[in-house]
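Chemist: Before I ask anything, let me first share the structure, which is written out below as C-alpha cells.
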C-alpha cells in the first residue's frame with residue numbers, strides 16, 4: 001500500500017512578525033478568501049484525521065514508514081491539536097454570542113448616557129470619546145480573556161481518549177472512513193452557524209425595536225417638558241397681566257377715595273362756616289335747600305363708595321380663589337406626573353427583571369436540552385455497540401458449537417476409516433500370506449492356532465461391526481436431534497410470527513375501537529351541545545337578558561346622573577356659600593341704611609344737632625371700618641405679591657446655581673481629561689503588546705484567521 005507523501009508545512013505553527021505602524025490597520029477580507037481559508041482548514045483537518053486514525057495492515061517483513069521520527073509525531077500532534085482548537089472554536093460560538101449580546105447592551109447603555117448628556121448640556125460631547133475608548137478597552141479585554149479560555153480548554157478528556165483506544169483495538173478489522181464523520185461535523189457546524197446567525201439577527205431586530213421605542217418615549221417626554229415650559233410661561237404672563245389689572249383698579253379706587261375725601265372736607269368746611277355764622281336761629285329756605293341737596297349728594301357719594309368697595313372686595317376674593325384653585329390644579333398635576341414617573345420606573349425595572357429571568361430560563365432550558373441530547377446520543381451509541389457485541393457473541397457461540405460438532409464427526413469418521421483400512425489391510429495381508437506360504441501339514445497345534453486366530457478375527461469383526469453400528473446409530477440420533485431442534489425452532493418461529501400477527505391484529509382492533517369510541521364521544525358531545533343550546537333558547541329565552549340589559553342601562557344612567565349631581569353640588573357649594581354671604585352682607589347693610597334713614601327722618605325736625613352728631617359718629621365708624629378693611633386687603637395683596645416675587649427670585653437663583661454647578665462639573669471633567677487620555681494611551685500600548693503576543697502564539701493557516709476572529713468579535 002503506497003503511503004501519501006508527508007508535508008509537515010501544512011500543520012506547522014507560524015509565528016507572526018512584529019507589525020509595523022502601517023500594518024495596524026485591519027485587513028479587509030472578502031467572502032471568497034474566507035471560504036478558501038475554511039476549505040483549506042477542512043482539508044488539513046481531514047488529512048490529519050485520516051493520517052492519525054487510519055488503520056493500515058503491516059506489510060510482510062517491512063515496517064511502516066509513517067510516524068517513525070520525532071518530528072513527524074510532533075507534526076501529527078500539532079495537527080490533532082489544531083483540529084481540537086477548531087472544534088473548540090465551533091463549540092464556543094454560543095459563548096461568543098452571549099459576549100456580543102453583552103457588548104450590544106453596553107453599547108445601548110452608552111448611547112442612552114450620551115443622549116442624556118446631550119440633553120443636559122452640549123459641551124459634554126468630548127466625554128463621549130472618552131467613554132467610547134473605555135468601552136473599546138473593556139471589549140478588547142473580553143476578547144483577550146476569551147482567547148485565553150480557548151487556548152486553555154480541553155476538547156477531549158481522558159475517558160473519551162481511552163474509549164477511542166478501546167474501540168480502535170476492538171474494531172481493527174472494521175475500518176471507518178473519518179472523512180464522512182468530518183463532513184457530517186462540518187455540515188452540523190454550518191447548520192449551527194446559520195441558526196446562530198438567524199438568532200443573532202432576531203436579537204438585533206428586537207434590540208433595534210427596543211431602541212426605537214426608547215427614542216420615541218424620550219421624544220414624547222421631551223415634548224411634554226416643552227409643553228410644560230410653555231404652559232408655565234403662559235401662566236406667568238397671565239399672572240403679570242392680572243397684577244397689572246389689579247394695580248390699575250387700585251389706582252382708580254385710590255383716585256375715587258381721594259375725590260370723596262376732598263368732597264367730605266369741603267362739606268365739613270361749609271358746615272363749620274354755617275355753624276360759625278352770626279344768624280344761627282334764622283335760616284332761610286335757600287340755605288335749607290342747599291343743605292338738603294348737599295346731604296343727598298353726600299349720601300349718593302357714600303353709597304357709590306360703598307358699592308365700589310364691595311366690588312373691589314369681590315374682585316379680590318375671586319382672584320384669590322382662582323389663584324388657590326390654580327395652585328391646587330398644578331399640585332395635582334405635579335403629583336400625578338410624579339406618580340406616573342414612579343410607576344413607569346417600576347414597570348421598566350420589572351420588565352427588565354422579567355426579561356432577564358426569561359433569558360436565564362431559556363439559557364437553562366437550552367443547556368438542559370443539549371445535555372439531554374448528548375446523553376441520549378451517548379446512550380444510543382452505547383446501546384448500539386452493546387447490541388452489536390451481543391449479536392456477534394451469539395453468532396460466534398453458534399459457530400463454535402457447529403464447528404465443534406463438525407470436528408467431532410470428522411474425527412470419528414477418520415478413526416472409523418483408519419480402523420476399516422487397518423482391518424482390510426490385515427485381511428489382505430493374511431490372504432496373501434496364505435497363498436504364498438508352502439503347504440504344510442495340518443498339525444493339531446496349527447489347527448488350534450488357526451481356529452483361535454479365526455475366532456479372534458471374527459470376534460474383532462463383530463466388535464468393529466457393533467462399534468460401527470453404534471456410531472451409525474449415534475449419528476442417526478444426532479441428526480434426528482438436530483432435525484428435531486431445527487423443527488422446534490421453526491415451530492417456535494412460526495408461533496412467534498403468529499403471536500405477533502395476533503398482537504398486531506388485536507392492536508388494530510383496539511385502535512379501531514378507540515377511534516370509534518372517540519367518534520362516538522365527539523358525536524355525543526356535539527349532540528349534547530346542540531341540545532344545551534336548544535334548551536337554553538327554548539326555556540331561558542332572550543327576555544331575561546333584555547330585562548337585564550335594560551336594568552343595567554337604567555342603573556348606568558342613574559349612576560351617571562348621581563355622579564353629575566354630586567359633582568355639581570361639590571363644585572357649586574363653595575360658590576353658593578360665598579354668594580349667600582355677600583347677599584346677606586348687602587341685605588344687612590341695606591336694612592341698616594333703611595333704619596338709619598327712618599331715624600333721621602323721625603328726629604330730623606326736633607333734634608338736628610344730635611342727628612348730625614350721630615351721622616358723624618356713623619361716618620367715622622364706617623370710615624374706620626373701610627379703612628381697616630382696605631389696610632387688611634392691601635397687606636394681604638402685598639404679602640401675596642412679595643411671596644410670588646420671592647418664589648421667582650428663588651427659582652432664578654436655583655437656575656443660576658444649577659448652571660454654575662453644571663459648568664463647574666464640565667470644567668472638572670476637562671481638567672481630568674488629559675490624565676484619562678494618558679491612561680488610555682498606556683492601556684492601548686499594553687493592549688497592543690498583548691495582541692502581538694497572542695498573534696505570536698496563535699496560528700493563521702497561511703491566511704489571516706485572527707483578523708477575521710477580531711472582526712467577528714469587534715465589529716467596530
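Placed from the backbone N, Cα and C atoms, the Cβ positions cover glycine too.
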Chemist: From the ranges 248-282, 283-317, 318-352, 353-387, grab the one TrEMBL calls coiled coil.
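Modeler: Within the set 248-282, 283-317, 318-352, 353-387, TrEMBL attaches coiled coil to 353-387.
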Chemist: Could you pull out which residues elsewhere in the chain have a CB under 8 Å from any CB of the coiled coil (353-387), counting only those six or more residues past its ends?
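Modeler: Answer is none.
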Chemist: Per DSSP, how many helix, strand and coil residues does the compositional bias 'Basic and acidic residues' (449-523) have?
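Modeler: Tallying H, G and I as helix, E and B as strand, the rest coil: 75 helix, 0 strand, 0 coil.
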Chemist: Would you mind giving the whole-number mean pLDDT across the coiled coil (353-387)?
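Modeler: When the pLDDT values over the coiled coil (353-387) are averaged, the result is 86.
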